[in-house]
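Remarks on the structure that follows.
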Amino acid sequence: MAVAHNLGFPRIGADRELKKALEAYWKGELDEQGLRQVGRQLRARHWQAQLDAGIELLPVGDFAWYDQVLSHSLMFGVIPQRFRPAEGQATLDTLFAMARGVARSCCGGAQAQEMTKWFDTNYHYLVPEFSVDQQFQLSWTQLFEEVEEAKALGHAIKPVLIGPLSYLWLGKLKGEADQTQTFDKLELLDRLLPVYGEVLDRLAAQGVEWVQIDEPILALDLPQDWKNAFERAYNLLQRAPLKKLVATYFGGLEDNLGLAATLPVDGLHIDLVRAPEQYPVILDRLPAYKVLSLGLVNGRNVWRCDLDKALEVARHAAERLGERLWLAPSCSLLHSPVDLEREDRLDEEVKSWLAFAVQKCSEVATLARAIDDPQDAEVQAALARSRAVQAARAQSPRIHKPAVQARLAAIEAKDSRRTSVFATRIELQRARLQLPAFPTTTIGSFPQTPAIRLARQAYKQGRLSLGDYTEAMQAEIRHAVAVQEQIGLDVLVHGEAERNDMVEYFAEQLEGYVFTRFGWVQSYGSRCVKPAIIYGDLSRPRPMTVDWIRYAQQQTDRIMKGMLTGPVTMLMWSFAREDVPREVQARQLALAIRDEVCDLEAAGIRIIQIDEAAFREGLPLRREQWRHYLDWAVEAFRLCASGVRDETQIHTHMCYSEFNDVIESIAAMDADVITIETSRSQMELLEAFRAFDYPNDIGPGVYDIHSPRVPDTAEMVQLLEKAAECIPAERLWVNPDCGLKTRGWPETEAALVNMVAAARQLRAARSAKVA
């Protein structure tokens, strides 16, 4: 008998009920009792949905008010001093203060904890803050309360914990530099393990038989001391009187396989979607008493599982393992939308190819039933439907476009190279553009006012004509241009009033994308995103931005910059196809964007920015796999940017905090100008560019757009002087960290006035020095 179980379920609700309740609570429109009631309703509904889909062992503890890592920080008492409530007891407001830097009755104006990507997903977690003298204690009982809830409903359950090694790995040491630089956070393990033991003992006392302990870092390159720590930790935790399933996901175990197989636990979950090659090896290495859970259904994408293919593996495993076989999605379904059945307006053919969280649970259950009762009528019907879907999708003319494939096949090496090297190009560009030293610009977007959003909503709902919508957006463009001219910026942007999202705006105009109404997934806290779905070969039927940018250029004699989203970012922030490699999809996107770049150039646009915000996010978890990814990601950017003349200047923008390990690839992109987020690091990130001797122009962000604070001119001058120590002054641009979409106009204008003043001050100082 194969057990159908699940590692985790989306917590936001099919209608984003959690998001709405959280935001109502933060605004004071919903009290804590009301918020907790929404949480209970969602948990009960989600457990029932999984049960109805055929899941036998339900996850408990996958729900979180904001983030599962943050919930663990509260449970273990990892609450930074600035958030500790005076009365000593952690509350929901404590949790939200840690996440948002805001609380209604405590903690003052404390800065929120750092947030970063959860491995290589688009989910973000709150980074635990450890101190050298960190103590751990059981401080938050939400998990135990949820266990009682589920038991009261009569469910068979499996509580979910983040394992002690992964939890420590995900955190950061905070405090005095002289202490944190010499202290290894792994030394905290012995202090943390007793609290884990206490949690496990308490779960056992509640009658829990199995607990799932997530250790996703087993899919990473681990130092030897961390590998050794795994054995020590789980030797101690084996004393707890309940069964433990260690769950790994997002990649293969590789050199950690032997370690994972021999840990003193009762079961192991492996991801066979990301790493199918590990199956035969783990089967041979797993001790005969252990359960093996196979992740055969993709928990991170939206495509239906090929049930015949998955069943072939499951049947083989059943022959070897018998009742020790469990089946599950590859990872938590947190990364999947909730329920495909809500999509009442989705193209029926494309819809037949998809599966969201509820449907993925059904697929897992079908596989388990197919092991136990292969002739079951429902099983046979499900397998027949799966075969029909796979065949229809493989043959669909909507997916496979001969013209796109012919164009891909015709790509030559020269298509990914500019005509001349940067040193030649930059002289031609400077002669054409006639910009001053320290040229000023912005990253692209200006404030999205309520009026802009209402106009776009009315247009999409058919309440505003195309003509009236165009007129409204043109008025916003005229306003943005006038403001920039008045401030004195050198290179202007049109402000992107017509764009709701930097990916969706372009995806809506490309063939090969489809969009959902309810395909929301959690990004962090109450923020949800609705990624577009790439279902077929990608192409651009017509220009996407040219009319808007041309109109903006007509409003000014100054240089207007075209604004596009790059192919890698388009791919990373979409649900990608599974039937062709990601690099093929990136090339298709690159060709579509290349056409837009060339059309912008033909329209007289002299500077074109191609944003690659997600370039680094695509890096595989294992460093040995980086080179392949970086090669095709760089090639995709160059392919979209290399169709223009030397005189046309190509910019790119990246907004993340680590460049050292990818600086060669960033240089290989060969953008004429790269703008980057540096203000919060006080320009320290530029050290990577100096050490590498980065050859092209750079625009280090001189102020943080994530804050409404307006920095003064002297502060920005200081940052630019610091930047000039790393980058030759003739190659420095002056710009904010990122786009200004989320800011208001008053602070935007005030900050840009000071930024332009800072650039002029540096020009004057440089002129005086030359004189």
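Note: Cβ is positioned from N, Cα and C throughout, glycine not excepted.
Cross-referencing Glu635, Glu677, Glu715 against the Zn(2+) binding annotation in Swiss-Prot, which names His653, Cys655, Cys738, picks out Glu677. Per Swiss-Prot, the 5-methyltetrahydropteroyltri-L-glutamate site holds Arg16, Glu17, Leu18, Lys19, Arg527, Cys528, Trp573, Glu617; the candidate it also names there, chosen from Lys117, Lys460, Lys722, is Lys117.
Going by what Swiss-Prot states, the L-homocysteine site holds Ile443, Gly444, Ser445, Glu496, and the candidate of Asp308, Asp611, Asp631 recorded there is Asp611. Note: the Cα of Leu18 (5-methyltetrahydropteroyltri-L-glutamate binding site) and the Cα of His706 (active site, proton donor) are spaced 24 Å from each other.
When the C-alpha distances from His706 (active site, proton donor) to the binding-site residues Cys528, Glu677, Cys738 are tabulated, the minimum falls on Cys738. Contacts of His653 (Zn(2+) binding site) defined by a Cβ separation under 8 A and a same-chain sequence distance of 6+ are given as Ile443, Gly444, Gln609, Asp611, Glu612, Ala613, Ile674, Thr675, Ile676, Cys738, in order along the sequence. Remark: Cys528 (5-methyltetrahydropteroyltri-L-glutamate binding site) has Ile12, Arg16, Lys19, Trp520, Val521, Gln522 as non-local neighbours, by Cβ distance under 8 Å and separation of at least 6 in sequence. Under the three-state DSSP scheme, Glu677 (Zn(2+) binding site) falls in the coil class. Least packed by the Cβ count within 10 Å, out of the binding-site residues Leu18, Ile443, Cys655, Cys738, is Cys655. Here the binding-site residues are Asp611, Glu617, and the one whose Cβ sees the fewest other Cβ atoms within 10 Å is Glu617. Counting neighbouring Cβ atoms within 10 Å of each of the recorded positions (Arg16, Lys117, His706), the lowest count belongs to His706.
The Cβ of Glu496 (L-methionine binding site) lies under 8 Å from the Cβ of Gly444, Ser445, Phe446, Met563, Gly739, Lys741, each of these being in the same chain and 6 or more residues away along the sequence. Ranked by Cβ neighbours within 10 A across all protein chains shown, the binding-site residues Gly444, Ser445, Glu677 are led by Gly444.
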